[in-house]
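Inspection log for the structure reproduced underneath, given as structure tokens.
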Amino acid sequence: MGGGRKRRRDGSDAPSIHPRNRYAAAPPDFAALAELYPSFRPFVSVSDRGRASVDFTDFSATRELTRVLLLHDHGVNWWIPDGQLCPTVPNRSNYIHWIEDLLSSNLIPPISSSSGKVRGFDIGTGANCIYPLLGASLLGWSFVGSDVTDVALEWAKKNVESNPHLAELIEIRNANAAPFPSESEAIVRENILEPVEDAAMQKPHVLVDVVKESESFDFCMCNPPFFESIEEAGLNPKTSCGGTAEEMVCHGGELAFVTRIIEDSVSLKNSFRWFTSMVGRKANLKLLMTKAREAGASVVKTTEFVQGQTARWGLAWSFIAPINKVFRSSSPAKNHHSFMLQVTLSDEQTEAAILHGDDYAGSLEDSSAKLGSVVKGISFRITVFEQIPGTLLIKGSLLNKALSGTFSSLFFQLEDTLRMECVSKAR
């Protein structure tokens, strides 16, 4: 299985479709679907070599493909009006399965009020209501899907009602029904994120006041408005997935929107096991990871989704203390567990790491002082300590700035080496 995995230039594995995704083994067969569904047939072209394809710059073709895949592979009846955001089924399934991985991990315990049945909250579910429909049909999860526009709420409800076998699992909720904060409260909140002159602009509700006081959820998820303007949203000429301004654009773009989710998560830290969101820019992902940690999150996780020719990332954070402690100590007097990491590479290993990003051998040593490691052409220092029980903080500093790309590749590879060393120490 490992031999066919694509690799980046730095040697790391390129992201691939989630292994439990229905389309992991083979992509949708357009020709076979066209034979089974006459309405899809006009959108399928067959080359001289017999290869069937779909024009993804055609909104009608994209919408019909989504409709057919949901019906054929998931037993879901679905439709959206012209102009609404049209999701692609394989990519949205990746997000669902990643959340499934988070929930099944032993990193944090279930919320105390959990009934054993998974319950999710979809922020901005849209007219397509894709995440609740996929989560309910694939895994039997229940959902609350929120939105603010009349069209989105109307069609999300229609899509739920068109599937009686799923209707009891999905509630569509109007986020505008929640009371807006008073003017003075809005100004205080605006001063945190925005200039004073923007204080009069009321922000839409995300989680606070939309989630009811007695409710608890295993997770929330969000496909946020990625862009700051509708012109920016239309820059990709290779796809046509539609999308209204409300679905794709907000003041400050995805950074401001996901920051609002992080802010709300502080108030609802005991109501959710995991908070998650999709992110469209890697630079924003790093900033949002920092914001989540600064907000007090005990765990922050990320992933990269396969989105055809478009890169997307997943961000998850939680305020629940981890239950798996990485270190165990035989000495009750020790309250903190830390050590320094010294990496030793031969000249041949250094060359291989620079050229191919290959794995390397290293040694871990306990020490009370920082250790530096200097090898041919590379000099860097790694500090590792347990920030809170079950959470490691790793800091690295590069002394030779000309090799920053190689250092980044090596630094990310340390995770596996460190995990193996910690497991052996725990034993």
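Even glycines carry a Cβ here, placed using N, Cα and C.
In TrEMBL this protein carries:
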type	residues	note
BINDING	Arg92, Gly124, Asp147, Asn223	S-adenosyl-L-methionine binding site
REGION	1-22	region 'Disordered'
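TrEMBL feature annotations superimposed on the structure.
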residue: Arg92; record: S-adenosyl-L-methionine binding site; Cβ contacts under 8 Å, 6 or more apart: Ile130, Tyr131, Leu134
residue: Asp147; record: S-adenosyl-L-methionine binding site; Cβ contacts under 8 Å, 6 or more apart: Gly124, Thr125, Gly126, Leu153, Ala156, Ile172, Arg173, Asn174, Ala175
residue: Asn223; record: S-adenosyl-L-methionine binding site; Cβ contacts under 8 Å, 6 or more apart: Pro87, Tyr95, Gly124, Gly126, Tyr131, Met278
Taking the Cβ of Gly124 (S-adenosyl-L-methionine binding site) as the centre, count every other Cβ atom within 10 Å, in any protein chain shown.
24
Checking the spread of the S-adenosyl-L-methionine site as listed (Arg92, Gly124, Asp147, Asn223): what is the longest Cα-Cα distance, in whole Å?
18
